[in-house]
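Everything on this sheet refers to the single structure shown next.
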Amino acid sequence: EPLLLAELKPGRPHQFDWKSSCETWSVAFSPDGSWFAWSQGHCIVKLIPWPLEEQFIPKGFEAKSRSSKNETKGRGSPKEKTLDCGQIVWGLAFSPWPSPPSRRLWARHSPQVPDVSCLILATGLNDGQIKIWEVQTGLLLLNLSGHQDVVRDLSFTPSGSLILVSASRDKTLRIWDLNKHGKQIQVLSGHLQWVYCCSISPDCSMLCSAAGEKSVFLWSMRSYTLIRKLEGHQSSVVSCDFSPDSALLVTASYDTNVIMWDPYTGERLRSLHHTQVDPAMDDSDVHISSLRSVCFSPEGLYLATVADDRLLRIWALELKTPIAFAPMTNGLCCTFFPHGGVIATGTRDGHVQFWTAPRVLSSLKHLCRKALRSFLTTYQVLALPIPKKMKEFLTYRTF
């Protein structure tokens, strides 16, 4: 079973009603694994250097003990930062490291920012604003306006081009170019409900969006047009994620199912059903196993899911039942550490928990498949002059 490595708990500001606005709606690791961002509620985002200590913090650690630990760190070491966003924070996204031209643009835009590699954090807020922060200094760089309601999710293109996608309760997705000082370059319309989640494929060719609808939308990141709708869920889809090689897409729904798709063909490859584990719970409640979040592990062999039945589940790609469970109450989101071995989860009471995740040495077969699928579509694989069984393996028809 996953072990609880550490738990961070927010302080309780007296000027706020603790019962409202305290949810951890989003958690994120920076792509290089050096920072962890946590929307801890009450309009506050914590930026925490990773790892939390030289070694993993034992169970029972609380955030309030970090201040004394930070003071003992060497001069020049990164310090924990508190970003006051002024509004409830729903979405978080780190940028990849920008290219040298991008660094010069940032330096010119904000003279306080040194002309060095600039890691940034985007925060999506309750009032429809998106605030862009420089991680190393905690400076506010940009404020992006356009959405008319809550910005629920954010996603940067993994290529480092500083294109940002935002998903909102105003039923639209918006595309922003941070190299052009946050210019809005496209509005994607078509959803009839709040947009909960957006995910860009690692090869930067596709965008998936999930709203309070039974279908999910796949968009082209080149033309910003709708490619197809994926139909198969029986209730609202609330979370989606691409595999590291872009060959698979997973979607999670209130219908208690995760569906694994081939995003190129739209084919439904597998369903993972979240069955009732605790007999003490009332099976008549259809929402008891409603899903909140799904994410791929960095090597692409595992999935993590968080559901309302108070469980974090870990799934191996080739199996239809979970390989591990961990008890967690009121879970809302989950994400893997980019180098593997750790899962971070956020909860409705504002806590963040860090769990051990399976560490595995990928097989040579999987490494070859991952390398090939990073640049070959399903149709290109099917056109190769290779045996049928190899095609089935490369297209995830056999796991």
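Just so you know, glycine gets a Cβ as well, placed from its N, Cα and C.
Now, the feature entries from TrEMBL:
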REGION    63-82  region 'Disordered'
REPEAT    121-143  repeat 'WD'
REPEAT    144-179  repeat 'WD'
REPEAT    188-229  repeat 'WD'
REPEAT    230-271  repeat 'WD'
REPEAT    284-318  repeat 'WD'
DOMAIN    363-399  domain 'SOCS box'
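Residues of the same chain lying 6 or more positions beyond the ends of the repeat 'WD' (144-179) and with a Cβ under 8 Å from any Cβ of it are 26, 31, 90-99, 101-102, 105, 120, 122-132, 185-189, 191-200, 202, 204, 207, 209, 211, 219, 221, 224. Over the repeat 'WD' (121-143) the predicted model carries a mean pLDDT of 94. Across the repeat 'WD' (144-179), DSSP helix (H, G, I), strand (E, B) and coil residues number 2 helix, 18 strand, 16 coil.
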